[in-house]
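Asks: First the structure, then my questions, so here it is.
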Amino acid sequence: MVGCQEVLRETTWLASSSALLQILFRVITFGLNAFTLRYVSKEIIGLVNVRLTLLYSTVVFLAREAFRKACLSGSTKRNWTKTINLLWLTVPLGVCWSLFLGWIWLQLLEVPDPNVVPYYQIGVVAFGLSAVVELLGEPFWVLAQAHLFIRLKVIAESLSIISKCILTVVLVILYPQWGLYIFSLAQLLYTSVMVLCYVIYFMKFLGSREATKKSFPVSRMTDLLPNLMEDQTVVDWKEARLTWSFFKQSFLKQILTEGERYVMTFLNVLNFGDQGVYDIVNNLGSLVARFIFLPIEESFYVFFAKVLERGMDVKLQKQDNIAMAAAVLESLLKLVFLIGLSITVFGYAYSHLALDIYGGAMLSSGSGPSLLRCYSLYVLLLAVNGVTECFTFASMCKEEVDRFNFVMLSLSFTFLCISYFLTQWQGSVGFILANCFNMSIRIAHSIHYIYNYFKESSYKPLKGLLLSPSLIFVYIISGIITVFSEVFLCCGKGWLARLIHLTVGALCFIATLTTIFFKETNLINFVRTQFLSRYIKKETK
């Protein structure tokens, strides 16, 4: 059994490595989007980034999300043959979803004008196929994640994203008339490289001296294939039942996560051009959520799932583990809350400037700035929800997961209705407002669960959501100053005025960081000991 402290060290290393990786390659991808805007139409970008990406993400999410959560719960000491058998079910499930959803995308949805967006049918087939290709690597991914193979994940994601970006740039420059062919080939290359990285790594690792030293539970590549065992059940039925519970939940969670794209795709509330602008602004607004909050959520789900006994009362668990989990949860809540609040406060005054620099008048005019300002608030809610649901899902028993499915069902229906009506009223901004409502309800549910989970103990991890009065005051003053700076200096008064506006924001941000450093000493110590110490050690070696 891996010790609690060791799991925490490896988890924070995984989270920080993933976060830095996401920062690097989101910047590359973001630059790629800015580059392709000069060569392809916003209609193609809207179709690829909204409709086709929705097809791919829906197939992948519905086919594997439940299996990941179920198979990463508990200790690594398990019958991995049965777990691997269960994980291979993601492939036929993915094929079924890909065929079914591909038929809907081709037959029931509006087909774009071939003169504006050619090769639509090829795009649907390619993105559906790429989802199935990625699912072929699922047993390898879960095995690596469960044993905290950090470098493997970093290398696999690095190579796949680099390959996709290089191919996209080359084809956009040489053959811009290919349209969807470019993005289809790039998507297939991305998933193929990802799977090949995991397969090649395990081909070299299994049977090696390092694997023997670690007592790795799998010794041959054939052990990673489906294996029908005599006189034994093919899968662990406890894991299978937990997977089914998570599957019902993941279906609803996908609707909540990608709700605005489903509304855009099926109800045609925005044309493809407007969808392209919305997606670009949405990607800019969600950068931090993707490269910081998501790695933290994924990595610390593994930590909480290993440290806590699912469904067991706090008093009956090891108190050292409970104390560690409560301390980590409190620090994580404080960390993501401060990051999200900083983005909300400073994002309001710098949304217009960011869009003007990135995409020019096409993005900074119209509803673009208002959309990004609303997204700044949504990022704060995303931050808190990610950590609270991370703990909630890692500690819930099967019955609690089933009950939560009913909550998600009602949220799904409410969210879709609100999205449709708010979009009719406020346009694309209505999507963000509906998401804010949805996320607030989910946060309230998770906070209620966490409060009840710890109420019989002396630990109060929800204190991580409370700020000192002085820090609140600094945020308020910074928000007022930067808003006045935007009114008088941005964005039609030249580059010198913009530079002064940026300088004002930088000074306010430094003042905020200084206040955090002196007032949130526990958080600073947590970040220094758990996130930064590993990098310091690596640099001094």
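Here the Cβ of each residue, glycine as well, is placed from N, Cα and C on the backbone.
From TrEMBL, here are the annotated features:
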type: TRANSMEM; residues: 12-32; note: transmembrane segment
type: TRANSMEM; residues: 44-63; note: transmembrane segment
type: TRANSMEM; residues: 84-106; note: transmembrane segment
type: TRANSMEM; residues: 118-142; note: transmembrane segment
type: TRANSMEM; residues: 154-175; note: transmembrane segment
type: TRANSMEM; residues: 181-203; note: transmembrane segment
type: TRANSMEM; residues: 332-355; note: transmembrane segment
type: TRANSMEM; residues: 375-394; note: transmembrane segment
type: TRANSMEM; residues: 406-423; note: transmembrane segment
type: TRANSMEM; residues: 429-454; note: transmembrane segment
type: TRANSMEM; residues: 466-489; note: transmembrane segment
type: TRANSMEM; residues: 495-518; note: transmembrane segment
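Have a look at these and tell me how they're positioned relative to everything else.
Replies: Counting residues 6+ beyond its ends, the transmembrane segment (44-63) has Cβ neighbours under 8 Å at 33, 36-37, 90-91, 93-94, 97-98, 101-102, 105, 109, 112, 117, 120, 123-124, 127-128, 130-132, 134-135, 179-180, 183, 187, 247, 250-251, 254, 257-258, 261-262, 264-265, 272-280, 283 in the same chain.
Nonlocal intrachain contacts for the transmembrane segment (84-106), taken as residues 6+ away from its ends with a CB within less than 8 angstroms of a stretch CB, comprise 51, 55, 58-60, 62-64, 67, 70-71, 121, 124-125, 128-129, 131-132, 135-136, 138-139, 142-143, 218, 223-227, 234-236, 239-240, 243.
Here the transmembrane segment (118-142) has Cβ contacts under 8 Å with residues 47-48, 52-53, 55-56, 59-60, 63-64, 67-68, 71-72, 83-84, 87-88, 90-91, 94-95, 97-99, 101-102, 105-106, 111-112, 178-181, 183-185, 187-188, 190-192, 194-195, 198-199, 201-202, 224 of the same chain, all six or more residues outside its ends.
With a threshold of 8 Å between CB atoms, the same-chain residues lying at least 6 positions outside the transmembrane segment (332-355) that come near it are 281, 284-285, 288, 292-293, 296, 300, 363-364, 368-369, 372-373, 375-377, 379-384, 386-388, 461-462, 464-465, 467, 475, 478-479, 482-483, 485-486, 490-491, 498, 501-502, 505, 508-509, 512, 516, 520, 522-523, 526-527.
Through the fold, the transmembrane segment (375-394) approaches residues 69, 73, 281-282, 284-286, 288-289, 293-294, 296-297, 300-301, 304-305, 308, 310, 325, 329, 332-333, 336-337, 339-341, 343-344, 347-348, 351, 401, 404, 432, 435-436, 439-440, 442-443, 446-447, 449-450, 465 of its own chain, all at least 6 residues removed from its boundaries and within a Cβ separation under 8 Å.
Sequence-distant contacts of the transmembrane segment (406-423) (same chain, at least 6 residues past either end, Cβ-Cβ under 8 Å): 249, 252-253, 255-256, 259-260, 262-263, 267, 269-270, 429-431, 433-435, 437-438, 441-442, 445.
Sequence-distant contacts of the transmembrane segment (429-454) (same chain, at least 6 residues past either end, Cβ-Cβ under 8 Å): 256, 259-260, 263-264, 278, 314, 326, 329, 367, 370-371, 374-375, 377-378, 381-382, 384-385, 388-389, 391-392, 395-396, 400, 404, 407, 411, 414-415, 418-419, 421-423, 460-462.
Residues 337-338, 341-342, 345-346, 348-350, 352-353, 497-498, 500-501, 504-505, 508-509, 511-512, 515-516, 519-520 of the same chain, all 6+ positions outside the transmembrane segment (466-489), place their C-beta atoms under 8 angstroms from a C-beta of that stretch.
With a threshold of 8 Å between CB atoms, the same-chain residues lying at least 6 positions outside the transmembrane segment (495-518) that come near it are 338, 342, 345-346, 349-350, 353, 470-471, 474-475, 477-478, 481-482, 485-486, 489, 524.
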